[in-house]
Amino acid sequence: MLLLALDTATPAVTVALHDGSGVLAESRQVDARRHGELLLPAVDRVLAEAGRKLDAVSDIVVGVGPGPYTGLRVGLVTAATFGAVLGVPVHGLCTLDGLAHASGLTEPFVVATDARRKEVYWARYEPGATPRPATRLTEPAVDRPADIADEVAGVPAVGAGALLYDTVFTGVRRDGPEHQSAAALAALAAQKLAAGEEMLPPQPLYLRRPDAQVPANYKVVTPR
Amino acid sequence: MADSRGGPLVLGIETSCDETGVGIVRGHTLLADAVASSVDEHARFGGVVPEVASRAHLEAMVPTIQRALKDAGVAASDLDGIAVTAGPGLAGALLVGVSAAKAYAYALGKPLYGVNHLASHICVDQLEHGPLPEPTMALLVSGGHSSLLLAPDITSDVRPLGSTIDDAAGEAFDKIARVLHLGFPGGPVIDRYAREGNPDAIRFPRGLTGPRDPVYDFSFSGLKTAVARWIEAKRAAGEEVPVADVSASFQEAVVDVLTRKAVRACKDNGVEHLMIGGGVAANSRLRAMAERRCEDAGITLRVPRPKLCTDNGAMVAALGAEMVARGRAASDWDLSADSSLPVTEPHVPGEAPAAPAGHHHGHDHVHEMSKHNLYS
Ligand SMILES: [Zn+2]
């Protein structure tokens, strides 16, 4: 088993290679504006560091968001294209699950990332009995921090969204993971594959409708 | 390289606007031209919505690549290179194609060529009429661009002579169609109505054709306003708007200016070939008037078939194949999607090997595509 994991749903552009028992190499860069430039060189670097070639990869793992950035699509289209050329499966994982896996928390907690526009993407988790991964209790959601204050106050929290709105996420763990790590995502995927668990289809979780306005007084009259 | 089989075998990816295009060419021969369009999803908005286009590109990307390979009957491993539109265009839309092209090229171990969308519109004519004459004069007209370009070498030397100072020609068609309640996109429907109308019924203004106006630049904003005012006046007077005559007279004004300036540019620069590309090149009146005026001026007109004039992957592949054939440097893995890539840069060479001589032009930033939603 050789997993190539990547995630560009958040400001982090992260790539990792995992052989089923451990991480062989990882790259993590935080730059919300350069997903497109950074990802492929990072893949190349990670493979070189591990001394492997892309065609040795048996599975692609990709963070499907939720993510506010146009960069989310960079990881997804890269994963889909690799999968098509190599003829290997592409597994989707919720980006928040990667952060949850990296948190190592042993009590119920929440993960929140920055959704911009003064909102967060977030979900609640229950820790797994070691070595099982944490279980996500809620579908990922997008909300204004003030609207979920009662639900998250005092609850242990990780992720850049929790750090950004620490007056709402009052249980935020400053030593917890702030940004996504493809190594954590790969480790989670390796566990799920070993356990024969289903993962998500590699399709984006936008959670928001596209911004678009229908012009006023618009009507279609098609000539014969 | 694959010269023994008729030129380099290149796959091209185009996602600068609302068409997900993947084309495959061998030299000057078109092998596949697969297009998935999100135009229907934009119709109710009356214009291309960037986020809607980007989402559609992501969904369509891999299936469209696979369809193109199947249509062409070639194996991906036989490709000599992967070309992709690096710009200009909608930033988020370009990013999907550039990311896919990089992953595709990397996984196949093939060189990547980030190319210019406008140069691709010109180069596509090689698939229709054989090698481009050097120099070629090009009139590119679509919803995103209206420009006159002089191309002594399509892989390294493309010079902007003029472009629109306000709306693109295709945008004017869309806006007038909207005022007439004819739907989106406006070009085909106005063309259809115009066939029933009298082009001389109403004398609409010809923008930037005065003696002191810039010779090669275009302006369609004043025309658009004049047509809208004329229609509103009719409606205010309680009269029926003669849609066919308005369509024909508006179209005549646009086409008159486009062809007049294009022919003038050929004469002034001693160029004997004019190519017309972009979605508006499908307009039947533009084709007819360009044919007549070029013939009168002794200029050879080259207009590709309509499907090659609108945005497509074959045009990107055509330019990519020319880059390979002429030994131009491939792009690097950190290639950017550049929404305002200058037309003077036919491709985006990587740092590594120096490009051959002949790459020495200025950096006039010609912003050809609007980067924003038409309604923002
Ligand atoms: Zn175009």
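A Cβ is built for glycine as well, from the same backbone N, Cα and C atoms used for every other residue.
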Per TrEMBL, member of B:D296, B:D311, B:D332 binding Fe cation alongside B:H117, B:H121 | B:D311
Please pick, from B:N283, B:N312, the residue that TrEMBL records in the substrate site together with B:L140, B:V141, B:S142, B:G143, B:G144, B:D174, B:G187, B:D191.
-> B:N283
Report the binding-site residues (B:L140, B:G187, B:N283) that meet this criterion: Cβ distance to the nearest atom of ligand 1 under 6 Å. Use sequence order and write none if nothing qualifies.
-> none
Whole-number Å value for how far B:D311 (Fe cation binding site) lies from B:G187 (substrate binding site) (Cα to Cα) | 15
In the chain carrying B:H121 (Fe cation binding site), residues 6 or more apart in sequence that have Cβ under 8 angstroms from it = B:A138, B:L140, B:S142, B:H145, B:G277, B:G278, B:C309, B:M315
Local backbone state of B:G144 (substrate binding site), from DSSP in three classes | coil
Under 8 Å Cβ-Cβ from B:N283 (substrate binding site), six or more apart in the same chain: what's there?
-> B:G187, B:D191, B:Q251, B:V255
Within 8 Å of the Cβ centroid of B:H117, B:H121, B:D311, the other same-chain residues by Cβ around the recorded Fe cation site are B:E14, B:S16, B:T85, B:G89, B:L118, B:S120, B:L140, B:S142, B:G144, B:H145, B:G277, B:G278, B:N312, B:M315, B:V316
From the Cα of B:G144 (substrate binding site) across to the Cα of B:H117 (Fe cation binding site), what is the distance in angstrom?
-> 11
Determine the Cβ neighbour count for B:D311 (Fe cation binding site): the number of other Cβ atoms within 10 Å of its Cβ.
-> 26
Counting every protein chain present, what is the number of Cβ atoms, excluding its own, within 10 Å of the Cβ of B:G187 (substrate binding site)?
-> 25
